[in-house]
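Per Swiss-Prot, active site is recorded for 5, and the stated evidence type is similarity to another entry. Look at Swiss-Prot and you will find 25, 27, 85 tagged as Mg(2+) binding site. The active site, nucleophile annotation in Swiss-Prot covers 41, and the record cites similarity to another entry as its basis. The disulfide bond annotation in Swiss-Prot covers 45-51, 47-190. Summarising the annotation, Swiss-Prot assigns N-linked glycosylation site to 250.
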């Protein structure tokens with residue numbers, strides 16, 4: 001999965017997919033009542049990027065729905081996965097469940113079209129704080145009470161705080177999560193970070209007792225760091241330059257081993273060689 005980083009304006013969906021992304025990451029900010037409010041990152045952000053592009057969250061969802069609904073004039077067949085980077089650090093811990101419920105209702109109405117031929121992309125809820133695990137249970141409760149528990153089949157999870165892998169496993173246990181797990185590791189492109197924790201996550205993914213289904217690394221903008229991440233065995237790379245990742249995947253060393261995921265590739269299944 002080539003994951004376009006910080007796609008917060010509707011116009012950027014086309015831009016990143018046209019550069020080769022089959023997945024996008026979108027920032028979601030919340031108001032003081034735990035309602036998802038804007039797709040907005042703010043300052044500071046990655047080097048070389050404008051930090052302040054934004055939409056109202058529900059409007060962004062409508063644009064995203066068009067981009068992922070077959071037959072729509074804005075449809076992109078290859079856009080198959082969306083990571084919502086949930087900026088819950090502005091909330092109190094006891095608001096996490098409410099944030100999950102409100103997020104689910106927004107998605108149900110504006111993205112999934114109340115279960116009636118809505119957008120088809122898989123969704124990852126990426127949460128920065130392990131203490132906010134109830135966002136997951138709240139999300140699930142809301143979809144169930146709204147009569148659409150089947151949509152949970154399209155939803156996966158990530159804790160994005162670079163926490164100890166054992167602590168992450170524990171948070172999932174508390175949330176009742178037993179699958180659909182993506183594990184992120186990374187740092188802003190302004191700084192360097194080694195691949196030690198990525199390798200631990202990959203080892204967990206590949207062990208019979210692991211909780212991780214997929215591993216992605218962020219934010220990778222250079223060819224050599226792309227090669228290093230691929231050599232470590234990641235499933236996804238988040239980038240400001242999807243074309244750079246696509247170029248490296250075309251190199252002979254990687255062409256035989258990796259391919260760009262399509263809609264038929266289940267993002268919740270661990271890939272077995």
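Cβ from N, Cα, C; glycine included.
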Spatial neighbours of residue 5 (active site) among the recorded positions 25, 41, 45, 250 [C-alpha, 10 Å]: 25
Disulfide-bonded residues compared (45, 47, 51) - the one with the fewest other Cβ atoms within 10 Å: 47
Long-range Cβ environment of residue 27 (Mg(2+) binding site), under 8 Å and at least 6 residues apart: 6, 8, 39, 40, 41, 85, 87
Residue 85 (Mg(2+) binding site) in three-state DSSP notation: strand
Sparsest Cβ surroundings (other CB atoms within 10 Å) among the active-site residues 5, 41: 41
Conformational class of residue 25 (Mg(2+) binding site) under the three-state DSSP mapping: strand
CB-centroid shell, 8 A cutoff, Mg(2+) site 25, 27, 85, site residues removed: 5, 6, 7, 8, 26, 28, 41, 83, 84, 86, 126
Pairwise CA distance, residue 190 (disulfide bond) versus residue 25 (Mg(2+) binding site), rounded so that it is a whole Å: 18
Other CB atoms, at most 10 A from the CB of residue 25 (Mg(2+) binding site): 27
Neighbouring C-beta atoms (10 Å sphere around the C-beta of residue 85 (Mg(2+) binding site)): 25
Cα-Cα distance linking residue 25 (Mg(2+) binding site) and residue 47 (disulfide bond), given in Å to the nearest integer: 17
